[in-house]
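Among the features that Swiss-Prot reports, active site, proton donor is placed at HIS20, with the record citing sequence analysis. Taken from Swiss-Prot, the feature substrate binding site covers ASP28, HIS98, TRP121, GLY122, ASN123, and the record attributes it to sequence analysis.
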Amino acid sequence: MKRSGILNAELGEALATLGHTDLLLVVDAGFPVPRDAHRIDLALAENLPDLRTVLGLIADELVVEGVVRAEDVPSHNPRLDSWLHERFSGAEFTTRPHAEVLGELAREAKAVVRTGAFEPWGNIGLYCGVDAPRWFGGEGVVVPEQYASKV
């Protein structure tokens, strides 16, 4: 039996397949997941599991270099936005119109993880990165400019 971390087999498998720049969407209970998306449905009941728990567990296992959320999040759900900035402090943050998060980003995502969250604008995209110190830390390796501050 696995000792810790994410125990859900489907989610664990999806995380293991993600590569640099791949997008993972972690969404609330009401998100309209596209029919052809790789849907990982964790929702059991209202706020079970909640968005922050799922994002936190994923963050413990995944290198995240970018976070995208609806442009409404900073003004309409500032507590969530603040939490995201704390939890993903090394990531670049961007916003998109809410309709794009529901449409274009959902189609772009390698997987969509549905939580039980009843969280306004609780649909968060995570762009995968690389562990820069481990990736570029070898002797004689020239570190690309965009990773220099992370090595």
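Including glycine, each Cβ sits where the backbone N, Cα and C put it.
Overlay of Swiss-Prot feature records on the structure.
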| residue | record | contacts (Cβ under 8 Å, 6+ apart) |
| --- | --- | --- |
| HIS20 | active site, proton donor | CYS128, GLY129, VAL130 |
| ASP28 | substrate binding site | LEU51, ARG114, THR115, ALA117, PHE118, GLU119, GLY122, ASN123 |
| HIS98 | substrate binding site | ALA70, GLU71, ASP72, TRP121 |
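Compute the center of the Cβ atoms of ASP28, HIS98, TRP121, GLY122, ASN123, which mark the site for substrate; besides them, the chain residues with Cβ within 8 Å of that center are VAL27, PHE31, ARG69, ALA70, VAL73, VAL101, GLU119, PRO120, ILE124. Of all the binding-site residues listed (TRP121, ASN123), TRP121 has the fewest other CB atoms within 10 A of its CB.
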